[in-house]
Amino acid sequence: MALVTVSRSPPASGHSTPVGPTQDRVVRRRGRLQRRQSFAVLRGAVLGLQDGGDSNVASEADSEPMEEPSGEEQPTEDQTDKGQGLQSPWKQVQKRHLHLMVELLRPQDDIRLAAQLEAARPPRLRYLLVVSTGEELSEEAILLGVDFPDSSSHSCTLGLVLPLWSDTQVYLDGDGGFSVTSGGQSRIFKPVSIQTMWATLQVLHQACEVALGSGLVPGGSALAWATYYQEKLNSDQGCLNEWMAMSDLESFRPPNAEPGQASEQEKMEQAILAELWQVLDTSDLDSVTSKEIRQALELRLGCPLQQYRDFIDNQMLLLMAQQDRASRIFPHLYLGSEWNAANLEELQKNRVSHILNMAREIDNFFPERFTYYNVRVWDEESAQLLPHWKETHRFIEDARAQGTRVLVHCKMGVSRSAATVLAYAMKQYGWDLEQALIHVQELRPIVRPNHGFLRQLRTYQGILTASRQSHVWEQKVGVVSPEEPLAPEVSTPLPPLPPEPGGSGEVMVMGLEGSQETPKEELGLRPRINLRGVMRSISLLEPSESESTPEAGGLPEVFSSDEEPLHPFSQLSRAKGGQRVRKGPWPALKSRQSVVALHSAALVASRTRAFQEQGQGQEQSEPGMSSTPRLRKVMRQASVDDSREEDKA
């Protein structure tokens, strides 16, 4: 492990040094900006260390802010501990990358951790940064993703910005990877080693606990500084796609080939795919076999295709599934499956410009061609779709306003996407749930939202009804609601759409309660491992301190009777402005039972101590009385109880 110190100074200014009352504020500001940050460099990770007062040294020479003491190196250069001997190549590379990543930050922000991640396309390098700000004693943190074209590159780009809100959860995904979910966004990361993973999870756990204790929620002034980095996103589309990748996808878009670097295998697969359409169109699918399809392709291409048998079978199934076209529910809205979302020709033919992906396990196949909106949920009754329906309605309306069309899809186009289309119809056209379900099932008979989604649709129907009634009442009294009106924009029913070619002419209308059971789209997943639970289990393995019965006067301050109720952040104190400041190291989490027991013991001891003091005070004021302190304490408690009974009576 090596120690690296980076000197960070703001740009030189031509203004003179202020004098008078404002000088102290300027010096303090320079002390925050002109400082050095030290890092512990590990293989694959860089840990930020706490400043040990370097800011005071930097703020002393306020008349010459850019001047460095003799014997020290210039700003933005590093100083290693003992500074002797040749360093290994990986340390030199990490130090150079560290300098480049520091240059991406604002002067008041610090890197708490820089962890190297696995890259899907070497020689690219990826780093995950945990960045905190020094503004006003704030403990807010964000995650940044940094991309390097290769290890020798002298520049880097920003590909990810993820604020850490109070709802942040970290899950272990196996094989050294983990996912971070915050503010409705989920991102996956896979460090290059176990040591790097362990260092990263420790820093993430601390940042998540601070965010939870500070109550950081979207929509307020918290983490407003993250917009600075969101405006600086400049990685190429390939890097952005890698940061957006999901760990549990079952359907992937094909890899983006580098310009001019398509392999011979990819060229052959493209040729097979082009001919496969023609072969299937001219074959009797009820009698033809896979071997006969391959032999027909060999005749067309003039070469053996033994090594492409699995590719041909896979593409053949894909093409057959894509023959089930998406259902046109409204003139501007199609409802379909993942096969429809992967069929570029059909999407272009239907003039689709927006794709609403309601599946957790399906990737965005053409992010460079279409506008996507993702709602990452599973087809489970416990999944919550209702909070997303306002944004999905707005997304669909954006496509309609542009004169284009939107495809709403999930895995099979049966449950998640169908429920979202039903919610859209109820809000847009003022229909109730039964009317919307009849219309959608007429055009796509396989629609079957699960029971949990049906309950949410009924709740949504009540919300829309109440909103419309409230809107009408406000119009009667002449009050304009500041909220977005939920009244339908179009109240007239749509003309019936012609049935899709090749579709069934039967109308299958199912009741809400009597819908037939259909096979689930996905099997249930086993519970995910949460980082907070892992850290709690680790803390319980630590040897506990010797617990002896404390005396009344020797109780620790954390268990004082006048303190607020205990919470997991007992070492976070309130600073100016109501913000929390962390003091000292993070304590190990104790079991809830022991904390409750100790708190109860402390409360009893403190009350006993208070009774003793009151008893001693009365004994001094009434020296003629000969009762003992113990007897006096019992009598006082009895009198208090009697007075309470009299009050109740």
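FYI, residue positions are counted from 1 along the chain as it appears here.
Cβ atoms here come from the backbone N, Cα and C positions, even for glycine.
Summarising the annotation, Swiss-Prot assigns active site, phosphocysteine intermediate to Cys410. Cys410 (active site, phosphocysteine intermediate) falls outside any helix or strand according to DSSP and counts as coil.
Among the features that Swiss-Prot reports, compositional bias 'Polar residues' is placed at 1-20.
Among the features that Swiss-Prot reports, compositional bias 'Acidic residues' is placed at 61-78.
Annotation source Swiss-Prot lists compositional bias 'Low complexity' at 541-551 (among others).
Annotation comment: Swiss-Prot describes 608-627 (among others) as compositional bias 'Low complexity'.
Swiss-Prot lists 639-649 with the feature compositional bias 'Basic and acidic residues'.
Summarising the annotation, Swiss-Prot assigns domain 'DEK-C' to 266-321.
Swiss-Prot lists 325-466 with the feature domain 'Tyrosine-protein phosphatase'. Per-residue pLDDT, averaged along the domain 'Tyrosine-protein phosphatase' (325-466), amounts to 93 for this model.
If you look up Swiss-Prot, you'll see Ala2 marked as N-acetylalanine.
If you look up Swiss-Prot, you'll see Ser9 (among others) marked as phosphoserine, on the strength of a large-scale study or a structure entry.
Here Swiss-Prot flags Ser38 (among others) as phosphoserine, drawing on a large-scale study or a structure entry.
Packing around Ser88 (phosphoserine) is summarised by its Cβ count: 10 other Cβ atoms lie within 10 angstroms of its Cβ, all protein chains included. A coil conformation is recorded for Ser88 (phosphoserine) in the three-state DSSP classification, outside any helix or strand. For Ser88 (among others), the entry in Swiss-Prot reads phosphoserine.
Per Swiss-Prot, the feature region 'Disordered' maps to 1-32 (among others).
Per Swiss-Prot, region 'Disordered' is recorded for 49-90 (among others).
Among the features that Swiss-Prot reports, region 'Disordered' is placed at 541-586 (among others).
Sequence annotations record features per position, and here Swiss-Prot assigns region 'Disordered' to 608-649 (among others).
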Summary of DSSP states over the domain 'DEK-C' (266-321), given as helix, strand and coil counts: 44 helix, 0 strand, 12 coil
Cα separation, Ser88 (phosphoserine) to Ser38 (phosphoserine) (Å, whole number): 19
Inter-residue Cα distance where the pair is Cys410 (active site, phosphocysteine intermediate) and Ser88 (phosphoserine), in Å: 50
Ser38 (phosphoserine): secondary structure state under DSSP, collapsed to three categories: strand
Fewest Cβ neighbours within 10 Å, where candidates are the recorded positions Ser38, Cys410: Ser38
